[in-house]
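What follows is one structure encoded as structure tokens, with my remarks underneath.
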Amino acid sequence: MNRTATRVLSSIEEVREALAGPGRVGLVPTMGYLHEGHAALIRRARAECDTVVLSVFVNPRQFGVNEDLSRYPRDLNRDLAVAEAAGADLLFHPDVATMYPAGYATTVAVGGVSEPLEGSSRPGHFDGVATVVLKLLNIVQPERAYFGEKDWQQLAVVRRMVRDLNVPVQIVGVPTVREPSGLALSSRNSYLTPEQQARAAILSRALQAVQAAAAAGERDTARLRQAGLAVLAEEPEIELDYLAVVDGDMREKAHVENDPLTRVLVAARLFGVRLIDNVPLSPAERRLSERESRNT
């Protein structure tokens, strides 16, 4: 598809008509309020695909009771500007009735990787994620779909779903984009003041402390966690949900093994805002992490 202004489409029929021609299609699923992290996904798709489809849909089925669905930031004009600058061809912006019409009754539940950590803290969250992602994959039928590594467990859930259900798509993980402070970019950062965002970078510092302990030879998971917990204890406003060292199947173990998918994940509430982050632990994956984009 020749590069022109990004087209905004709201119906499934419009999307399928626009994608009727030949060429590799890349999908970037988002909930909107785009930032540089999303732009990195779009640029990666642009470099690898002939047509890039960005979806913007605040999916109600992945929000729990008393979560922030009603106040989740929305700004389609801002999203369109980011999409065009990064190189998206199509912006698919369906409403809830398009994605979940009257009588809709199907939910996708991915076992195993979806159950601990975020799955335990936010019951039903990954069912909503898996359901909407599978719908988007069926609507767009891309060769590749791009997800940020910041949502590491979500990436694992999507990969497992695609594998188990034989969906013909390659799932591409894109490294986390961070502020110079180390804070992982997130649409929910908009809830925080600049001072609060600076203090929220303690999550990144805690993860780095765990990495450093592992690099020094520590293999006991409890002691690795303690290195991170000691950093988090410096912030009086933090309400920690979890700090976990997990393998590729999201399982916590007593000792770190030589698994390239070993990851350190953290979730906490700071100033009333729930934030998540993660970094790789193994040397090979850590070298990849050192090449993460930064929002400078």
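Any Cβ shown, glycine's included, is placed from N, Cα and C.
These features come from Swiss-Prot:
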type: ACT_SITE; residues: HIS38; note: active site, proton donor
type: BINDING; residues: 31-38, 148-151, VAL177, 185-188; note: ATP binding site
type: BINDING; residues: GLN62, GLN154; note: (R)-pantoate binding site
type: BINDING; residues: GLN62; note: beta-alanine binding site
Between GLN62 ((R)-pantoate binding site) and VAL177 (ATP binding site): CA-CA distance (Å)
23
GLN62 ((R)-pantoate binding site) has its Cβ surrounded, within 10 angstroms, by a count of other Cβ atoms equal to 21
How big is the Cα-to-Cα gap, in Å, between GLU149 (ATP binding site) and HIS38 (active site, proton donor)?
11
Got a sec? Which of these binding-site residues, MET31, LEU34, VAL177, has the most Cβ atoms within 10 Å?
LEU34
If you draw a 10 Å sphere around the Cβ of GLU149 (ATP binding site), how many other Cβ atoms fall inside it, taking every protein chain shown into account?
21
Could you check which of the recorded positions MET31, LEU34, GLY37, HIS38, SER187 is the closest Cα neighbour of GLN62 ((R)-pantoate binding site)?
MET31
Separation of alpha carbons, GLN154 ((R)-pantoate binding site) and SER187 (ATP binding site) (Å):
16
Ten-angstrom check, please: count other Cβ atoms within 10 Å of the Cβ of the residue listed as 'active site, proton donor', all chains counted.
27
